[in-house]
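Student: Heads up, here are the entries from Swiss-Prot:
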type    : residues                                                                       : note
BINDING : ARG7, ARG8, GLU9, TYR10, LYS65, TYR122, ARG126, SER130, ARG190, LEU191, HIS192 : substrate binding site
BINDING : 60-65, 75-76, 81-82, GLN104, 139-140, TRP184, ARG194                           : FMN binding site
Amino acid sequence: MELADIRREYTKGGLRRKDLKNDPIDQFNFWLEQAIKANLSDPTAMTVATVDKDGMPFQRIVLLKNVDKDGFVFYTNLGSRKAQHLEHNSKISLHFPWHPLERQVHITGVAEKLTAMENMKYFTSRPKESQLAAMASRQSSRISARGVLEGKFLELKQKFANGEIPVPSFWGGFRVKPQSIEFWQGGEHRLHDRFLYSQEQGEWHIDRLAP
């Protein structure tokens, strides 16, 4: 089969302005709850897009760890490529692809670092193995073999066998403060429904976009 011949119809239903919540965070939480209840694989997985100092875009999958009225939170190694990008350009884009529900959410905004207290609160809630992995990996750095990483993990596991694991200085979180949030719902005959929430002077405005 040719790639150009791969297509399907979207039949889950449309999205109408009257059904939208006034606040996009409330609308996002409503859709996220439905994605979770539908038993989607990794419903909190999102594509995080950043750009380097030359304007070259990069994307990767990261898990959303919190969302509230202030924005969307994720955690990472502060030496990672994404964190280095955000140091010189805090503009960021998030994308949630909920394919089985024929939905997408696209977010643009600005990322800011979380406080040390916020980092510690989340880090200490993680399983011990996840804490050790965060400490063992210098994300995005070059390594000669997987064995180097596994060896470091085992070394740290032995070192902290009977004690608490400190929050690494090179690990932390970011909060993405949204400037726009677009909700996309697949529609019949490719007449998809798109609604864009844009923030102007502290208020959210909603516009329907052509598919």
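Don't overthink the numbers, they just go from 1 along the chain as shown.
Every residue, even glycine, has its Cβ placed from backbone N, Cα and C.
Since we're looking at a predicted model, the values are computed, not measured.
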Student: Which of these binding-site residues has the least crowded Cβ, counting other Cβ atoms within 10 Å: LYS65, ARG126, ARG190?
Tutor: ARG190
Student: About how far apart, in whole Å, are the alpha carbons (Cα) of GLN104 (FMN binding site) and HIS192 (substrate binding site)?
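Tutor: Each residue's Cα considered, GLN104 (FMN binding site) and HIS192 (substrate binding site) end up 11 Å apart.
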Student: Which of the binding-site residues GLU9, ARG190, HIS192 has its Cα nearest to the Cα of VAL62 (FMN binding site)?
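Tutor: Given the candidates GLU9, ARG190, HIS192, the nearest one is HIS192.
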Student: For ARG190 (substrate binding site), just give me the three-state DSSP call.
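Tutor: DSSP assigns ARG190 (substrate binding site) to helix.
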Student: Give the helix, strand or coil assignment DSSP yields for VAL62 (FMN binding site).
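Tutor: Its secondary structure by DSSP: strand.
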Student: Have a look around ARG194 (FMN binding site) and count the other CB atoms within 10 A of its CB, chains all included.
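Tutor: That number is 17.
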Student: For ARG81 (FMN binding site), name the DSSP secondary structure in the helix/strand/coil scheme.
Tutor: helix
Student: Express the distance between the Cα positions of HIS192 (substrate binding site) and LEU64 (FMN binding site) as a whole number of Å.
Tutor: 26
Student: Expressed to the nearest Å, what is the distance separating GLU9 (substrate binding site) and TYR75 (FMN binding site) at their Cα atoms?
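Tutor: Taking the Cα atoms only, GLU9 (substrate binding site) lies 36 Å from TYR75 (FMN binding site).
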Student: Compute the C-alpha separation of LYS65 (substrate binding site) from TYR75 (FMN binding site), stating it in Å without decimals.
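Tutor: Cα to Cα, LYS65 (substrate binding site) and TYR75 (FMN binding site) are separated by 8 Å.
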Student: Would you pick out, from the binding-site residues ARG7, HIS192, the residue whose Cβ has the largest number of other Cβ atoms within 10 Å?
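Tutor: Sorting the candidates by Cβ neighbours within 10 Å, the top entry is HIS192.
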Student: To see if you understand the setup: which same-chain residues, six or more apart in sequence, place their Cβ under 8 Å from that of ARG60 (FMN binding site)?
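Tutor: In sequence order, the residues whose Cβ lies under 8 Å from that of ARG60 (FMN binding site) (at least 6 apart) are THR47, VAL48, LYS82.
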Student: Just the number: how many Å between the Cα atoms of LEU64 (FMN binding site) and ARG126 (substrate binding site)?
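Tutor: Between the Cα atoms of LEU64 (FMN binding site) and ARG126 (substrate binding site), the distance comes to 14 Å.
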Student: Of all the binding-site residues given, namely ARG7, ARG126, ARG190, which is spatially nearest to TYR75 (FMN binding site) at the Cα level?
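Tutor: The answer is ARG126.
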